[in-house]
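**Student:** Got a structure here, written out as structure tokens. Questions coming.
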Amino acid sequence: MAAPMLRRLCRVPQSLVWLRGSRAVRPGARGMLVAPRARGLFKEFFPESGTKTELPELFDRRRAGSSPQTVYCGFDPTGDSLHVGHLLTLLGLFHFQRAGHNVIALVGGSTALLGDPSGRTKGREALSAECVRANAHALRRGLEALAANHARLFADGRPWGSFTVLDNAAWFQEQHLVDFLATVGGHFRMGTLLSRLSVQSRLKSPEGMSLAEFFYQVLQAYDFYYLFQHYGCRVQLGGSDQLGNIMSGYEFIHKLTGEDVFGITVPLITSTTGAKLGKSAGNAVWLNREKTSPFELYQFFVRQQDDSVERYLKLFTFLPLPEIDHIMQLHVKEPEKRVAQKRLAAEVTKLVHGQEGLDSAKRCTQALYHSSIEALEVMSDQELKELFKEASFSELVLDPGTSVIDTCRKANAIPDGPRGYRMITEGGVSINHRQVTNPESVLVIGQHILKNGLSLLKIGKRNFYIIKWLQL
């Protein structure tokens, strides 16, 4: 009964398929595995026995009768946004897509309810089904936006494969627990599941491990089987902490079908303290503008250390390796100009936020670090609020004869009385990056008030106030 029941459990949810850039694909995608590995993007291959011949042959489009392969990677919606920690697996998918293969980004609308224990020292905080559904919807939008930017801004003239977004809730939400355990559970051995490093480390921890977390690798293995059956997916991509889960999927599929599938891992990106970049570690840099602005994302990469930037250029960009070598030669000559970091930041910001987001990040950089009046004049309200997140925002009417001290007081930027007056005369106040020392100076449009109807008031070294003038 097991095989018929498994086929029944594997109904295809056609309504949740989203495709990007699917076209007829020409043969001849050379070095599909060699190029990303040379960039340091592919870390481990599983099983090792198949990586010398079977896996390269799978992706060799020059062979007669060869067809595009399908590769997938999972993204659990434990938060409402992707973050920098997700970028490498996404870039891995994009490299396969660029070589003419089809890729699937799988949102874990069901698996997120259990919580992946891989790489964690304690259990995740439980999420409600409603929260997970909302997060899954947000992740789908984020994945679609990144795929659209990739297709629009990084085309290389080759025909690409398709980019598909699925949600595993489509095949898990209607399954009955007893049926699932009866048909799927019998194919997993407890000794093997208990031997995984992710399980061992948690069992030895003071908190232990819940049954839900323990069962996570079974559901992920079933995801792989489902995609193998319905989309011909033979390769799973994941972070290096996912190898145990990938192995479970390989063993499950091989046991049921006798076919070989494969796993590829990408390196984990860590902070300077060695912590994995992610929201759980409290150091997430988000790929959602509402949580991390294009300027903040840009600056995150501009601030990378010299000893990391070449590696990051290879990992996070599509730039050819000879071009990266040239960038590094320029960087070594004048490291203070941060040529390599700026190119890295530009490429990543453009992929995540599009050309408009990159332009915004550069405007904000000029306005904040180079005191550019020209940049301030063309900044939108949103950009100013993103740049000066702690700034107070006021809307004021420009009355005839409005002075510097009037403006400061209406914006609640200085105290009343002599103390506030002295703050101006002693040089503690600037408007639009220009110091003002005469409290009675009348505001001048074009100097104190920019063309976009805004004024940036700075008190001391760190206190900013944004004023939007009405009825100009």
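Using the three backbone atoms N, Cα and C, a Cβ is placed for every residue, glycine included.
On a predicted model such as this, the values are computed, not experimentally measured, just so you know.
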**Student:** Out of ASP116, ASP156, ASP167, which one does Swiss-Prot list together with TYR72, TYR216, GLN220, ASP223, GLN242 for L-tyrosine?
**Tutor:** ASP116
**Student:** Please find, within the list 201-205, 236-240, 276-280, the residue stretch that Swiss-Prot describes as motif ''KMSKS' region'.
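**Tutor:** Residues 276-280 are the ones Swiss-Prot records as motif ''KMSKS' region'.
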**Student:** Using Swiss-Prot as the reference, determine which range in 77-86, 117-126, 287-296 is annotated motif ''HIGH' region'.
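**Tutor:** So the range that Swiss-Prot calls motif ''HIGH' region' is 77-86.
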**Student:** Can you check which of LYS333, LYS337, LYS362, LYS385 Swiss-Prot annotates as N6-acetyllysine?
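**Tutor:** LYS362, according to Swiss-Prot.
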**Student:** Applying a 10 Å Cβ distance cut-off over all chains shown, what neighbour count does TYR216 (L-tyrosine binding site) have?
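**Tutor:** The answer is 25 other Cβ atoms.
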**Student:** Around ASP116 (L-tyrosine binding site), which of the listed recorded positions (ASP76, ILE269, LYS350, LYS362) come within 10 Å, judging by Cα atoms?
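**Tutor:** Within 10 Å Cα-Cα: ASP76.
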**Student:** Going by DSSP, is ASP116 (L-tyrosine binding site) part of a helix, a strand, or coil?
**Tutor:** coil
**Student:** Select the closest residue to ILE269 (ATP binding site) from the following recorded positions, measuring between CA atoms: TYR72, GLN220, GLN242, LYS350, LYS362.
**Tutor:** GLN242
**Student:** Spatially, which candidate from the recorded positions ASP76, LYS350, LYS362 is nearest to ASP223 (L-tyrosine binding site), comparing Cα atoms?
**Tutor:** ASP76
**Student:** Which site among ASP116, ASP223 has the most other CB atoms no more than 10 Å from its CB, taking these as binding-site residues?
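**Tutor:** By the 10 Å Cβ neighbour count, ASP223 comes out on top.
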